[in-house]
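Structure first, commentary second.
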């Protein structure tokens, strides 16, 4: 069904185009128009087609009065049309082909000599029922009893024998015509107003076309025949008066038709430039800008382009491509142009990212001529990040899982060169980008990531990775608190000293060292039941690291909670040996490394970031309840 209606729409669309084709005959165009309108009217025919069945002559005449405003007198059967049309005395120029008239002669009671109608270009004669201006017929002008005598022509003399021989018949027709006229007047009183408009008085009728009838001011169409005026203008009666007897009434409505105003020619809008034209305009603007360095002229040129929004990424791609083969200074100028267009509100960061990805898709072809194309694109991306056109997260999202690797790392390299390491480190940490996801899937692990970052000179972005790898080696080399603190101070930025990640690595390194010094392997039974010597050694080693731990944890509740979570993860990694977590909790509390409220804060914390919280609570819950009770008792004693 859908296909059928789709085809029908195509057919009728074609019919509409043909309907407006002036080269086709008017008959064909009107037939097409009727068909189109019939479909638009839900295939309901017009009223003219609904009134089925033959009509009487009187109905046709009434329709003519109602629709055309023309009254057609009834025909008398005594008058033979064939005699007038085919009589031997009828001049050849007056004879009409009855076949050309068709049924119109019978329908409208047309008189001999008439055949076309009324209006400009129609030559009337005395036999026309429309009563031409320069020939009259006393039988059909409605004034046969009061007609003024007309000059007799040779044609009139030839007609006299017929008129005399049929005088009685003509008199009968005249009387019948008068009777019919009286009946019409009687009927018109009861006729609705819309039918009365067809009965025109002589002073409301004129054959002379109105001044506004001509299509183009006063110019007569070339195909319109010029009709000689038989009656001089001075002899024409005023329209407000009844015409003198003997003069035919002038057909046509008294009121002039409305003026036909010429519609102003529609100003055709200039078509929008094509994609190829816009690209050529962009190339010209960029070339001129890179040569002249005139920023105002370039921005003005982009504004005058009036490029649609969907073209903006391609415009930016063209700007980048036009500068790839030029110098570093030109590429920097191209970046400045892009940032200025953003400042002026012409483009957005999303447009830039689409343009960058479009050029990246072309890299395999471009690399043949420009091997360093990815480094150049990394410069554009780095400058966009510095200018805050896009953020690090927005730049990283489409490049995840090693897409266009190593472009993201090259962007960070360029940003570090253009700005500084500290700024880039802060910006990267704020972005929350997972660096492992930016690598190919095969390299998504810490060791491989650190190796790749060191190769690109970007390991400064993850100083804790270096700390995690190097700190345990340093503790094993020299476990004294002074040596450990000095190494941390020399290799770790002071900003990281209050970082939770740093505390996690520090505590984990100490625990791993202690675990290794006890000589206990993972899964060993001694983990669940260590000897007294092992317990003492464990406590002494923890006590030796107390100065370093207090240095970084003192008066930092959140960092102390992080230290407890590091202990929780360490015990979880070793399958929670029995009593191990509780021993460390007690030692940390007795050594005043972790404060009471920090233990309780760890208990109440519902974070799921670190594994093993449930098992950890099971081991130390009783001790935490005692600690909470003891703290309440101390508070009451202090109150007393």
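Glycine is treated like the rest: Cβ placed from N, Cα and C.
Automatic prediction, not curation, is the source of TrEMBL annotations.
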If I go by TrEMBL, the feature region 'Disordered' sits on one of 127-161, 162-196, 302-336. Which? 162-196
Labelled region 'Disordered' by TrEMBL, one stretch among 35-82, 227-274. Can you tell me which? 227-274
DSSP composition of the domain 'MI' (277-400), residue counts helix/strand/coil, works out to 102 helix, 0 strand, 22 coil
State the mean pLDDT for the domain 'MI' (277-400). 92
